[in-house]
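Novice: One structure coming up, written as structure tokens, with questions to follow.
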């Protein structure tokens, strides 16, 4: 009897141990599932917060970029309008840049503007007044330089400038291209153009000028590429006006260079006759004064206005 009772106690104790072990395993499994669920939920919340932060950053960057290119569109439209008014309003207005190449000095204006904007960096003021002054300066110097060319040459230069400008911006915004492929594309394009120029039937003077133009514009586009990448990734909102002016000055510099390249009259300009046209105007003015012609004209005009008023 004692043996049977002992066996029963042993069996009951083993059953209790089995139940305790099973309950412990169930509890551990429950805790593990809860921990896994909390880990998954925390990962999901972290992923959702990261996605939302990326979306907010992308929207902010897009808004900044849209402001920059919106101002660039306004600047370009104003410059085109001023040049069109000069060409259409004064079709007979011409300037013999081959005899007096002084207007060609206006092509240095975009270089000076770019130097002022790039070298001063954060110290350069960025407000509406600075924006208006730079836009007016570049627009009127472009209109003055257009006096050395005809309207078809100006339109051709504008189309070529926009083509180069848009192509460079497109390559800069293409994130899927690695830096190696970008450099290879730029170098191969530059070499292809230069080889095509050297293989052409132009004179050596024309070939030299075209090769210099290609190298110069290539350097401008390389700087433009870096500026566009900065605008796309790192530019703060306080530099919107400054960055739009940099793009506008770069576009104007490409246009001036292309216009001078497509104007054959400039190639044979007499640099020893600089400002000779202004000197002739001054001589003619003194001639009118010395001969009393100017006073006669003024007196006649005054008498005419007085008679009309009476």
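Including glycine, each Cβ sits where the backbone N, Cα and C put it.
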Novice: Labelled transmembrane segment by Swiss-Prot, one stretch among 125-145, 272-292. Can you tell me which?
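Specialist: Per Swiss-Prot, the stretch marked transmembrane segment is 125-145.
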Novice: Choose the correct range: of 47-67, 68-88, which one does Swiss-Prot annotate as transmembrane segment? Give that range.
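Specialist: Here Swiss-Prot associates transmembrane segment with the stretch 68-88.
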Novice: Counting only residues 6+ away from its ends, which parts of the chain sit with a Cβ under 8 Å from the transmembrane segment (147-167)?
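Specialist: Contacts of the transmembrane segment (147-167) (Cβ under 8 Å, skipping residues fewer than 6 from its ends): 80, 83, 86-87, 93-95, 97, 103-104, 217, 221, 224, 250-251, 254-255, 258-260, 262-263, 265-266.
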Novice: Residues of the same chain, at least six outside the transmembrane segment (68-88), with any C-beta under 8 angstroms of its C-beta?
Specialist: 131, 135, 138-140, 142-143, 146-147, 151, 154, 158, 231, 235, 240-241, 243-245, 247-248, 251-252
Novice: For the transmembrane segment (125-145), what are the same-chain contacts with Cβ under 8 Å, counting residues 6+ beyond its ends?
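Specialist: Residues 71, 75, 78-79, 82-83, 85-86, 103-104, 106-107, 109-110, 113, 238-242, 244-245, 248-249, 252, 255-256, 259.
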